[in-house]
Amino acid sequence: LQMLALLWMTVTVVAGGGPEGAVQFLAVGDWGGVPDPPFATPREVATAAAMGRAATDLGADFVLALGDNFYYEGVQDEWDPRFQETFEEVFTAPGLQGLPWFVLAGNHDHAGNVTAQLAYSHHSPRWHFPHYYYSLRLSLPGTNASARLLVLDTVLLCGGGDDFGVGGAPTGPRDAAAAAAQLAWLRGRLAAARHDRYVLVAGHYPVWSVAEHGPTACLVRLLRPLLRRHRVTAYLCGHDHNLQFLTEGGVGYVVSGAGNFVEGSQHHAGAVPPGSLRFFFGPPASPGGFAHLRLDAQAATVTFLEATGRVLYRVALPPR
């Protein structure tokens, strides 16, 4: 897997050149352990092992980390032992060795030092977090087709929120100018991606979710119209601690927030468009889960897996 020049926060990922001509990756959110020994939960450990097996069995070129990388208050600096205890020493399966991780920040990361997570890119060969938001260009091997993955910071866009107890929904960005700059960048990247066969957008907060946090009003207002207008293939997120697939306005919505906690609430079932929810998995006894995405000439296929290895749901999204 080659990494090419980081230009304008765009990274080109060249897939492992498998004969099948696909780019494949794992998407896991809310995986960030706990601040007390052993700094990883049984679910995180089980999910990490299952991700390794999926990378080997299904194939993977990279991992997309959907935020809340370190509970409950992120990291303090780039030398924080949590990088070892909750990341390096947990995701050790052979199938994950050598796979780059592309990282975005969640609200719990913003409770600590996100610039330290950016800086950690210089300490670990597999941790890639070049900027708060950035673009990945994915070339589909054996075809002249390409795909685009736009990685956002929804906390900078919408404001902080608290997962547990008080705080609730994001209350608006701390820096309105920075939020506007990110949105302008996203508009430009979406316009520039008009010839890409697939366009994926990733952030921590959901646009649509039936679970504990439910839809993020700020993203429904700012992001949803852009996703629809630019015929985005799918939006990927975490924040709610379960697995969901929703579809609305031609866009697929993937919630993969079951890397460390699993919650079964469908408290916001009435807050999503009628008929949009196609899949939900959140039994509290489950050992966790994640999503596998495969982009080839024919389809973008999303497979949800439990940490047992069981395939829970699979959906194929058409090229744009």
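Just so you know, glycine gets a Cβ as well, placed from its N, Cα and C.
Among Cys158, Cys237, the one TrEMBL lists as the disulfide partner of Cys218 is Cys158. For the recorded positions given as Asn113, His204, His241, the lowest number of other CB atoms within 10 Å of the residue's CB is seen at Asn113.
Nearest Cα neighbour of His239 (Fe cation 2 binding site) among the listed recorded positions (Asp68, Tyr71, Asn113, Cys218): Asp68. Comparing CA positions across the recorded positions Asp68, Tyr71, Cys158, Cys218, His241, the one lying closest to Asn107 (Fe cation 2 binding site) turns out to be Asp68.
It is Cys158 that, of the disulfide-bonded residues Cys158, Cys218, has its Cβ surrounded by the most other Cβ atoms within 10 Å.
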